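Some features that TrEMBL has for this protein:
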- S153: active site, nucleophile (ACT_SITE)
- D321: active site (ACT_SITE)
- H351: active site (ACT_SITE)
- R222, D352: substrate binding site (BINDING)
- 51-356: domain 'AB hydrolase-1' (DOMAIN)
Amino acid sequence: MTVTVTRTTVPEHGIVRYASVGGLELEAGGYLPDVTLAYETWGTLNADASNAVLIEHALTGSTHVTRGDTDEPGWWEQLAGPGAPVDTDRFFVVSINIVGGCYGSTGPSSPAPDGAPWGSRFPLVTLRDSTVAEARLADQLGIRSWFAVLGGSMGGARALEWAITFPERVQRCAVISVGAASTAEQIAFAQAQTLAIRQDANFKGGDYYGGPFPEDGLALARRIAHITYRSAAELEGRFGREPQAPESPLQGGVLAARGRYQVESYLDHQGNKLVRRFDANSYIAITEALMSHDICRGRGPLPETLARSGARFFVAAVDSDRLYFPAQSRELAAALPGEVDVHVIEAPIGHDGFLTEIGQLGRQLRAHLSA
Ligand SMILES: CC(=O)SCCNC(=O)CCNC(=O)[C@H](O)C(C)(C)COP(=O)(O)OP(=O)(O)OC[C@H]1O[C@@H](n2cnc3c(N)ncnc32)[C@H](O)[C@@H]1OP(=O)(O)O
Ligand SMILES: N[C@@H](CCO)C(=O)O
């Protein structure tokens, strides 16, 4: 594929911007014309464009990594910013909404060429496809090679895919809370989530933008996902068998009227919260992209695939993660050429620890970015 390199004025900081990156021939055979990528930046690109860092968001994240011109806190608020481990006084930090998303990039709710939302017609987009689109944005920003690409969970998968697809363009790569490929179990959990949405009567094959929306299905998908993001110990310690007072799980007379346990109320809340900020089709599109995660696809065995990259790697895992097991991160690190430490994030919470344990992760990352 030929990419036109266009040097543009460096955009202002902390405001979502939009770049048109052209049409995408997709790995699975489809075509997505006129792709738009939403992105935010922080800091200043230096004269030789050698200080650029790409932060890739996880499944339901947005471009808003940290506050910029606005005061709205980001999802890695203490990790990036002035003086932070990803120091925006030193680095030009970029974050891009994934293709298929609902935070500004082209996704199922975007207008197709006929003006109606893509809906059921939105093509299957893999993480590799998104990386190709992001490389075009990097070209437009004048970034030939990233000082570092980093992310957690799906963000880590995107970072790893960057390092392998464009080895000459990634100098450091931080792969946090994810392995080299989505495992059978991760695909299985993902399928239960996408089916929860697809089986909502309001889903209508994905063509629901006139409303009503498949909110029940999306909320159920989030409940399933959220259980996998938290450890059994965290749920037990936090909620145990407590009722959601004044409700009582053993009162109400009939099954349909019984009160909830606290943990049920908590999951209801998590589901409803996502419904208020996320599009159901995007949830499916991005989840399927994550299912596609496999850096070896079409490339060969893991060590050979990883050897394509000359990047310095940082691999980290949350010790209590029951979705992306630390063993999968160790397996990735063992297959990388040279010595690679697996940094352990000690957190009882489970997978979401990569979002909540910023202190530990920040110290480890600061050292990696300073070396
Ligand atoms: C515009 C945007 O939002 S951009 C996207 C930003 N989000 C992302 O990037 C995704 C990444 N972030 C996340 O997944 C989460 O925010 C995390 C992992 C960082 C933290 O998870 P949280 O849900 O905030 O934390 P936690 O598990 O402690 O849940 C707290 C919530 O549960 C609620 N809760 C706790 N117990 C109960 C209960 N028994 N019943 C009902 N609700 C309960 C709290 O009131 C709180 O509600 P609130 O978030 O509306 O204030
Ligand atoms: N809870 C996070 C982590 C997923 O890996 C999210 O919703 O994006």
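Counting begins at 1 with the first residue displayed.
Every residue gets a Cβ built from N, Cα and C, even glycine.
Structural mapping of features recorded in TrEMBL.
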residue: S153; record: active site, nucleophile; DSSP (3 states): coil
residue: R222; record: substrate binding site; DSSP (3 states): helix
residue: D321; record: active site; DSSP (3 states): coil
residue: H351; record: active site; DSSP (3 states): coil
Got a sec? Which of S153, D321, D352, the recorded positions, have CB under 6 Å of any ligand 2 atom? S153, D352
Inter-residue Cα distance where the pair is S153 (active site, nucleophile) and R222 (substrate binding site), in Å: 16
Among the recorded positions S153, R222, D321, H351, name every one whose Cβ is found under 6 angstroms from ligand 1, counting any of its atoms. none
Fewest-neighbour residue among recorded positions, criterion Cβ within 10 Å, set D321, D352: D352
In whole Å, note down how far the CA of D321 (active site) lies from the CA of D352 (substrate binding site). 8
If you measure between the CA atoms of H351 (active site) and D321 (active site) and round to the nearest Å, you get 4
Rounded Cα distance in angstrom between the residue listed as 'active site, nucleophile' and D321 (active site) is 11
On the 0 to 100 pLDDT scale, where does the domain 'AB hydrolase-1' (51-356) sit on average? 97
